[in-house]
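Colleague: One structure is given below, represented as structure tokens, and several questions about it will come after.
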């Protein structure tokens, strides 16, 4: 594998992580004037049409198996983003970025429940670190948990299901078609639930439109395309490390643009969650390879 190409691929994945990290701030800003489900409706409808047009030659040949797989994945995608977006109304972008990242630690245990495939030692170590990190990050006086943090942890469970279902269907079906279908499913469900559950939107400011475009074009379409291409030219362990930086970028952007502050306890919690994600994703192979 060409070293220069690998470097560019890793930089592209780091850019993807930065874009996704910025998505937490963009979502938080958009929620000040757009309700959660309508925001999702805008995001996934725009993303669906953009990718459907770009990959029209593939999309026009969608078969029944891809349709079923895309619907299943799309249900997890919608559920994950719905609980995440609603939850962000009650918590901060920085905290949510790290709590969302715990889905990676949940995946091996979801595989264990579904396929009886016991997680390795790294998964158990990662789970323990993650559990302690979540406690440090979400603890409030009186042993209660913030409603937004709770919804974010629920979203992490749905995203873990999204990862597992995507892995199952992507092995035997066209990934591009699955992606387009799942965006379509998320768009339809967002539109329907928004119409019946949320008040109609009367006004969106210029900044609101910018946030919607950021989420639909940058955070969804461009990030997806960059990730798909870049992961072909780098090691999976390297990809996992760079993509796990999403939470770090989310926190940095939240401090810069929203003024979020971190106590020593929340910093320790974030660090433990990040270490747990890297432990599960890479098993620290990049250190043994030196």
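Here the Cβ of each residue, glycine as well, is placed from N, Cα and C on the backbone.
Bear in mind that TrEMBL entries carry predicted annotations, made automatically and left uncurated.
Annotation source TrEMBL lists domain 'EamA' at 8-136, 147-280. If you look up TrEMBL, you'll see 7-25, 37-56, 68-90, 96-114, 121-139, 145-164, 176-196, 208-226, 238-258, 264-280 marked as transmembrane segment.
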Colleague: So what's the average pLDDT for the domain 'EamA' (147-280)?
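Modeller: A mean pLDDT of 90 is what the model gives the domain 'EamA' (147-280).
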Colleague: Same chain, outside the transmembrane segment (238-258) by at least 6, Cβ under 8 Å from its Cβ: which residues?
Modeller: 6, 10, 13-14, 16-18, 20-25, 28-29, 92-94, 96-98, 100-101, 104, 227, 230-231, 270, 273-274, 277-278, 281-282, 286
Colleague: I'd like the per-state residue tally for the domain 'EamA' (8-136) from DSSP, helix first, then strand, then coil.
Modeller: 107 helix, 0 strand, 22 coil
Colleague: Can you tell me how the residues of the domain 'EamA' (147-280) break down into helix, strand and coil by DSSP?
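Modeller: The composition, in the requested order, is 113 helix, 0 strand, 21 coil.
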